[in-house]
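These features come from Swiss-Prot:
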- ARG89, PHE106, GLU128, LEU129: S-adenosyl-L-methionine binding site (BINDING)
Amino acid sequence: MSYDIIGEIAIIYPPVDDLDKIVNKILKHHKYVKAIYLKTDKLETELRLPKLKLLYGEPILETTYKENKCVFKLRVDKVYFSPRLSTERKEFIDLVKDNEKILIPFAGVNPYPIVIAKHRKVQIKSIELNPWAVKYGIINTKLNKVNVDTILADFGIAWKYIRNLHNKEGIVTKYVNELLKAKPELDLVYTNEEYYDLLNQYYNTKLIEELKPGIEYFDRIIMPLPKGGEHFIFEALVLAKKYIHLYSFAHEKEIEQKVKEIIDIASQLREIKHYDYKIVGDIGVRKYRIRINIYLI
């Protein structure tokens with residue numbers, strides 16, 4: 001039995017033996033909750049969008065969540081967000097030093113970039129594929145009065161153009177708003193194919209063709225995508241100067257092997273000074289979310 005509280009919204013995760021019991025528990029311990037949803041499917045798509053069933057209260061989907069002296073606005077049905085990673089995000093306040101240049105692909109609504117930028121004098125660029133997450137990511141940078149250059153892009157394509165990708169003069173904000181307004185069917189998109197068809201029609205004609213390729217280098221790259229993030233290790237190794245923080249999922253007995261596989265791939269492309277890993281949360285029985293820290297020469 002597990003659930004998350006995101007602002008005024010509670011989300012229950014299956015399997016659940018007694019829904020009424022957990023709903024009553026939430027209402028007893030979280031008086032401010034106005035809506036309780038059951039997540040009805042796994043986050044299997046690239047956008048990690050949940051399908052939700054309202055169990056109690058008002059059908060509100062947009063909420064405001066606070067952590068680490070930051071505030072985040074989001075729609076729980078349009079973006080992936082985990083309050084369970086609050087402590088993990090806080091750790092980067094100590095890991096990151098002032099004046100670092102940081103890239104964060106798979107940034108969602110910008111929780112990692114904003115928590116870091118709120119506490120450190122840094123230059124951050126974030127990349128996210130989901131236009132809803134980009135929309136809220138830009139809103140959240142303004143709410144928190146921090147400067148995070150937030151880009152709508154597929155990191156697998158955008159890394160080649162990274163030096164020339166900016167939300168300069170609100171160009172990304174404009175594109176995101178146009179995309180969401182012009183393609184209301186995105187409300188129902190849950191498969192990669194449908195989304196990529198829409199995004200490619202728009203993105204390739206509106207942005208990429210107007211840019212020239214250009215590589216940019218970053219002191220630190222943080223990749224908060226545990227499912228499939230390792231597939232982008234090449235791009236990260238090309239762009240990183242010093243540090244890469246990569247997330248993955250692994251069973252208790254497979255953690256060491258998972259880390260070794262990723263490090264073996266990375267060491268073929270770059271010389272590694274040191275690496276370590278940390279378990280940052282559980283996702284099931286003896287299954288964990290891990291962060292792999294790679295220190296480059």
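Just so it is clear, glycine is given a Cβ too, placed from its N, Cα and C backbone atoms.
Here the structure is a predicted model, which means the values were calculated and not measured.
In the three-state DSSP scheme, GLU128 (S-adenosyl-L-methionine binding site) falls into the strand class. Its Cβ taken as reference, PHE106 (S-adenosyl-L-methionine binding site) is surrounded by 24 other Cβ atoms within 10 Å in the chains shown. Within 10 Å of the C-beta of ARG89 (S-adenosyl-L-methionine binding site) we count 21 further C-beta atoms, all protein chains included. All chains included, 27 other C-beta atoms sit within 10 angstroms of the C-beta of GLU128 (S-adenosyl-L-methionine binding site). Take ARG89, PHE106, GLU128, LEU129, the residues named in the record as contacts for S-adenosyl-L-methionine: the widest Cα to Cα gap among them comes to 20 Å. With a 10 A radius on its CB, LEU129 (S-adenosyl-L-methionine binding site) counts 26 other CB atoms from all the protein chains.
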